[in-house]
Amino acid sequence: MAELSEEALLSVLPTIRVPKAGDRVHKDECAFSFDTPESEGGLYICMNTFLGFGKQYVERHFNKTGQRVYLHLRRTRRPKEEDPATGTGDPPRKKPTRLAIGVEGGFDLSEEKFELDEDVKIVILPDYLEIARDGLGGLPDIVRDRVTSAVEALLSADSASRKQEVQAWDGEVRQVSKHAFSLKQLDNPARIPPCGWKCSKCDMRENLWLNLTDGSILCGRRYFDGSGGNNHAVEHYRETGYPLAVKLGTITPDGADVYSYDEDDMVLDPSLAEHLSHFGIDMLKMQKTDKTMTELEIDMNQRIGEWELIQESGVPLKPLFGPGYTGIRNLGNSCYLNSVVQVLFSIPDFQRKYVDKLEKIFQNAPTDPTQDFSTQVAKLGHGLLSGEYSKPVPESGDGERVPEQKEVQDGIAPRMFKALIGKGHPEFSTNRQQDAQEFFLHLINMVERNCRSSENPNEVFRFLVEEKIKCLATEKVKYTQRVDYIMQLPVPMDAALNKEELLEYEEKKRQAEEEKMALPELVRAQVPFSSCLEAYGAPEQVDDFWSTALQAKSVAVKTTRFASFPDYLVIQIKKFTFGLDWVPKKLDVSIEMPEELDISQLRGTGLQPGEEELPDIAPPLVTPDEPKGSLGFYGNEDEDSFCSPHFSSPTSPMLDESVIIQLVEMGFPMDACRKAVYYTGNSGAEAAMNWVMSHMDDPDFANPLILPGSSGPGSTSAAADPPPEDCVTTIVSMGFSRDQALKALRATNNSLERAVDWIFSHIDDLDAEAAMDISEGRSAADSISESVPVGPKVRDGPGKYQLFAFISHMGTSTMCGHYVCHIKKEGRWVIYNDQKVCASEKPPKDLGYIYFYQRVAS
């Protein structure tokens, strides 16, 4: 490279900017690749736009924008110097003290075993004229000061990825209890000694809780692995209703573990010192003698013994490197994302859409490619498939690699992709653990939105579901079709093959709990896959079905079949369910999934000769002056049996009052309960509860239900507030017509996010209306010119499949635990466990959560 002259620097001085507080500085990662300052060519940061580029892509940015001046960062690793106290360059990692990631005392994902030397230069394109950071002294003051201030500001600024990580996940953020300032404490309490405590109902001397109302000392809950207590403290709450308890042994002058049984969470008690003094406990003199709940949970998170089967931990695995075997770094509870994208980019359609067309996508990228969906997905696919980042961890300065690094690669860190895919989403924008199935559908939805007028790889998953409802009183039927991407397979636990062993285990477990002994070895239910398939296709009774033939309620049966078979069949095992107390739980079940699968028997037949359809008649409506009780004016848009699909009046038929009341009594908002019954088509309490649990974190969860063609609550008319033009433009840019954009916005009170969701869920109706417009006089050419969609495209073929991938979950809930995936490549199974990519020896095909089957060519 030639040396940078004063004249050259003066020529670009006006374009050099000093980053301000609101600027995003991308100095950790290339916008088009996963190159970093540690890559061989370093990273070039534009000193005007603050975008970062690897050596391969910096000229692309220069040619597109004309920006010439860049800050070149190059970092090289060297081993940490020996610690004088330990005599090693690898000092012991600090034990985490908080159940958190990326905060003081939490799990430190960035802790490395090496230090970095940094080389900083200013480079001017296209001739790559350069000057070192410390070589600016000979320049005129005005030039030196301007360049130096920009360089120092760039180096000291928080990078865009760092700002994203500042949203650190912290499992310890606790709220002040609603009982803290109004807690009732009984008179004349017993004095609590400073030590020597024992449960008043058993012999437990640890995991003890002091009830802050009556001073009872009782043991805590039993944990899922059999450790913990005997549940006496929570049983006492159920008997008395006394809500707050403090864990003995955790009381210090700084605080203690306080649990609210009423709020079902760890809480803060600002009046704790006062509450403890009621029992003669001086908080300032207490010392910690027991583990806090956080420490216990951290211990469980660090123990992976129960996960050995899925991670194949007990078997030496051969690490794999090269194209298609690239690991993905865990960005803090991002294993759900890692597993899903590994599977998607093993499918040829996604490779063709994003990787094969990489150059075209990059060429058409906007000025800021970090905010472009197609660019970031293409970048991710190339990073996974190119092999450029699938190399062993670099050797240290002495030429050796530590043993545990031999099977680990640097892999890629998809920070930009994660930030973009989660932007605006209440869950995926956080660093909390998520459900892989929900993320899969979210990603599918994002792909759908960005492929309106181009090749859509989602077609490999898309299929039509045929639902047949038969009124038992009249024998008349109704057929409907809907689009889906996942086959959700129920688990009939009563079909377990080892019922006797399960009953014996439950009896041994009960005895062990009574006698305070260790729990017996776990016995896992073994359910045949054929039983799951039978349960999926079995008729389902629908009570209180509104029969349009009778114009009255009746009993019906519903059967579900495939109207088409997709190229790739995605099967979700419904392991996560609810107990009788509506508490989420995970079924510990083993299902031997077949390598070869034939579901031809589930092909739908449509209306058969001799079958008579139910009349297409709207049910009676509730008028404003009729009593509505707790229901309001809400109905079901999907089933003609409940209401008309098109609303022209402000009223709609009632929903199942008993289900709504049942949900409200559980503490859920009335409007959310109405929506739950509405969107599940009066299918009963369980279906409505499942909807509630899966939508609790939606920003509009408790907002009133607004039906298409009706005004929102409190508004006079949707037309009174015309849709904003920028929202219309945004929807039109996604490939929809202006009429469709206006209709969607009016149906959702001009909410852009909800309008996009609405338009996708009503695409069939919109297409039908577009076709009607053509038949009423509009020319086909006019229709094509407005890019009217032609409806969801589905592929169909034989129902024979072969297993090619599955995602497994470890843990008791989708909100915690860990995900890995197994993919069959080049005739062998491969396990992808974040950065570790290895040949699989014993793929646990019976313990998966989501399975991916590929159609077998006939």
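Each Cβ is built from the backbone N, Cα and C atoms, and glycine gets one as well.
From a predicted model like this one, the values you see are computed outputs, not experimental measurements.
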Original post:
Swiss-Prot tags one of S683, S733, S775, S785 as phosphoserine; which one?
Top reply: S785
Original post:
Which residue from S159, S216, S779 is recorded in Swiss-Prot as phosphoserine?
Top reply: S779
Subject >> Spatially closest candidate among S149, S156, C195, T292, C335, the listed recorded positions, to H818 (active site, proton acceptor) (Cα to Cα) >> reply: C335
**OP:** For each of the recorded positions (C195, C335, C816), count the other CB atoms lying within 10 A of its CB, then report the residue with the highest count.
**Re:** C335
**OP:** Tell me, if you would, which residue among S149, S156, T292 (modified residues) has the fewest other CB atoms within 10 Å in the structure shown?
**Re:** S156
Original post:
Within 10 Å of the Cβ of H818 (active site, proton acceptor), how many other Cβ atoms can be counted across all chains shown?
Top reply: 21
**OP:** Determine the mean pLDDT over the domain 'USP' (326-856), rounding to the nearest whole number.
**Re:** 80
